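Listed in TrEMBL for this protein:
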DOMAIN    47-436  domain 'Cation/H+ exchanger transmembrane'
TRANSMEM  54-73  transmembrane segment
TRANSMEM  102-122  transmembrane segment
TRANSMEM  134-161  transmembrane segment
TRANSMEM  167-190  transmembrane segment
TRANSMEM  202-223  transmembrane segment
TRANSMEM  235-252  transmembrane segment
TRANSMEM  273-302  transmembrane segment
TRANSMEM  322-342  transmembrane segment
TRANSMEM  354-374  transmembrane segment
TRANSMEM  418-440  transmembrane segment
DOMAIN    493-627  domain 'Cation/H(+) antiporter central'
DOMAIN    632-777  domain 'Cation/H(+) antiporter C-terminal'
């Protein structure tokens, strides 16, 4: 071991200076704690951000930038350059020894809060709901490396005659490096934007299984280290942690539940409650430290006891997440990496420990990689995808950085071993993300040659629809729209309902398939009203409609993957999405807008494996069965595959005698549409043939000649002013240019609705006609997996 360094400092410390330009201040500015701390944090932030700006060009996450920033500021970078300059100037004024303890306390406090927040977000109960694939993968990736590394350690002990302290170091490295911590996996999947993918869910579930054993394993490893020095302490320390755990779950958790009950519905938890919990977090860290365990064990246990979701869990995440992940964690990772120091003379004992560490880490990597492949390949997962999963499970991150840093500071491992292990983390952070992006693209599965749209369905075939619910008011609008689609036993509808819930105060996305025949209110309270409403809709259309309800709890930016995956698995022809605006049913004014829903709709339009419809509900979609007067539907038809898809859906509706359909065909006044694209013109005429001949239901056909976009706008405005239709159905006309809409694209507020859909949904009109905008499936090239 390297001899400890004794440092002399001023006590009590000088915190605030008298100012940079104050001549009376006899102390240099860098001798004051607060100014130098502010400068250090600012310097770390600037260097980290500049490094990230460069590295993100190569697809590397911000964690890699934080590690490299530590190298740039540490002994291998700026510090070494300055110390060896001609002036002999040192970086001590920037990172003085006297102030390093303050910076270390700040960074360690940040990691403590990071661990606590992860405990808040973690749902241990999901382990019981994970599939066998995740359980076997998580178990094998932990057990196999441990066995292989332990066997290697035994061989090295006899071959090289390792000393007791070297064996303790290698045991710690074995236990630490064999883990696949879920915080590391979660951060990697989030950075790569594959958290909600099939691979991401499997990796995160497997890591969660591994985590349950890792907490115990880390504790046992630490206790073994203590036992080697003082055999009488471990039993007392273990008893303290057991008592503390019982205290948290039987005292602290009931207190937090009381805080939840005292908080009015829809309101945030009081700041005083948050302050009490923060004090408890750091107090729990002191208890775990006193029990000779890692300082983060106590905060993790306390975080697991926090009631999930709003108001308490959500408030804690909202108030702490930004500060912890954007300020404290960059400081922690960077300062940990700055501890890497190149030693010119390494003791022989340290050289032996480093060589043994290199062999054991290589054995752990290979065994973990192979173990991660076994279960997926046995479950018929493609080789490329299985290799990607193995890379994710072998990745290293902030948990390993924290473990090695704390072990180095507490003299569990020597400097040489610490340096080597930190470079393995750097290697993982630089190599794994690009390889994962190269091998795995979740959007590939949505591409293909199979036709999944309304036009390719047989006229009286079962219509498979996926309806998405974001808000409570989406449910009646979609039910009434589907009721207007006239489901019958001969022309039935198979409906898949996906209730989308934003992930709050949880790290792992959840996907639930509800069995409505065995529905229990207590199990699915989040989706209770949705299940109840669509179950009643199915009963009202006995034999004509079958309903399956799902709930997806995930971050808004990844919800599109839940939608597209379900549509692909269930072979649906149409996805129905609610518009992001909510209108008042009284005067037609805008009540609210949700930008997350709009972003979701645009992602689905771009990625979906089938046709997509956006429903703009302005309160005029009503149930046809309960309506005494007729239900009036209008299709604005200009031509193109999206318009033909819209007309196909409208034709299904006119089988009900209560529904009348008007097709408003806007044609170029020059009457030369066929000259633009003859095949498109032929298909449009074939689609309109039944309408023109009035051979189906209550249909009327109106042909309007328009010369340009201005005339089209006037026609649309007159339709809205008359307010005689309950529902407009139009095609999005994606990337279709025509004289009828010339110049209108530049004025479109919502391109996802298309030119005509955007005009019909404009807030300028106070009419209550709802709009359904349909985009036909977009064919993409499919590459082999």
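Cβ coordinates are placed from backbone N, Cα and C, and glycine is handled just like the others.
Whatever TrEMBL says is automated annotation, not expert-curated.
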**Fill in**
When counting C-beta pairs under 8 angstroms to the transmembrane segment (354-374), the leading stretch of 54-73, 167-190, 235-252, 273-302, 322-342 is 167-190
**Asked** Counting only pairs 6 or more apart in sequence, are there at least 3 Cβ pairs under 8 Å between the transmembrane segment (167-190) and the transmembrane segment (102-122)?
**Response** yes
**Asked** How many helix, strand and coil residues does the domain 'Cation/H(+) antiporter C-terminal' (632-777) contain under DSSP?
**Response** 62 helix, 36 strand, 48 coil
**Request:** For the domain 'Cation/H(+) antiporter central' (493-627), jot down how many residues DSSP puts in helix, in strand and in coil.
**Result:** 46 helix, 42 strand, 47 coil
